Amino acid sequence: MAKASLDKDPFDVASMFDDVGDKYDLTNTVLSFGQDRVWRRRTRERLDLKPGEKVLDLAAGTAVSTVELAKSGAWCVACDFSQGMLAAGKHRNVPMVVGDGMTLPFADNSFDAVTISYGLRNIHDFRAGLREMARVTKPGGRLTVAEFSTPVIPVFGTLYKEYLMRLLPKVARVVSSNPEAYIYLAESIRAWPDQEDLAREINANGWSDCGWQNLTFGIVAMHSAIKPGN
């Protein structure tokens with residue numbers, strides 16, 4: 001995959017993630033300077049999960065995010081379209097399901113909450129993915145999307161772009177089994193909607209009352225919304 005865009009081939013993306021599963025968690029921690037752990041905790045806190053609730057963790061990868069969500073006492077299932085990623089996390093004691101974000105293998109109104117972290121960019125048609133997530137969520141259920149976004153401080157934003165396009169690929173070549181995956185990451189982040197535009201897309205595709213919270217100066221934005229209904 002020579003150049004990333006928001007028009008991506010699902011097979012290419014799945015194959016790319018299959019190749020990075022073994023070192024994925026370590027690579028993310030190194031490249032984010034440890035912030036990935038903070039972002040996972042903040043996602044759990046934002047969802048305000050209750051014991052016994054059913055939660056879908058979509059694009060869960062190795063399920064490290066699912067384990068964090070399960071600390072709430074909720075029943076959480078990890079779903080990802082990369083079998084290699086799920087296999088790399090098979091030692092984690094959480095339910096796992098292989099599934100495509102555009103055709104989820106779950107019945108209507110199955111979950112109290114759905115979350116997707118750093119995976120919405122990778123769904124072939126992310127708008128259809130948002131609608132599919134709404135389909136499997138109960139009326140009144142919650143959505144949280146954690147995604148790389150647009151830094152809110154201009155000077156910091158300039159430094160961040162330099163890091164994405166210059167330093168990140170170099171570090172990835174040292175710590176990742178497939179550095180091309182992180183070149184894709186950098187390019188797809190640059191093509192992604194900013195916070196306001198993504199909130200508009202979420203509200204237009206099955207959800208309502210979308211707002212967001214910036215993390216680490218807007219490197220990550222956490223969008224939250226509700227499925228309309230009782």
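Glycine too: its Cβ is placed from the backbone N, Cα and C atoms.
For reference, Swiss-Prot has these:
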type: BINDING; residues: THR62, ASP80, ASP100, GLY101, SER117; note: S-adenosyl-L-methionine binding site
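A map of Swiss-Prot features onto the structure.
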| residue | record | Cβ within 10 Å |
| --- | --- | --- |
| THR62 | S-adenosyl-L-methionine binding site | 27 |
| ASP80 | S-adenosyl-L-methionine binding site | 28 |
| ASP100 | S-adenosyl-L-methionine binding site | 17 |
| GLY101 | S-adenosyl-L-methionine binding site | 24 |
| SER117 | S-adenosyl-L-methionine binding site | 24 |
Considering each pair of residues in THR62, ASP80, ASP100, GLY101, SER117, all listed as binding S-adenosyl-L-methionine, report the largest CA to CA distance in Å, no decimals.
16
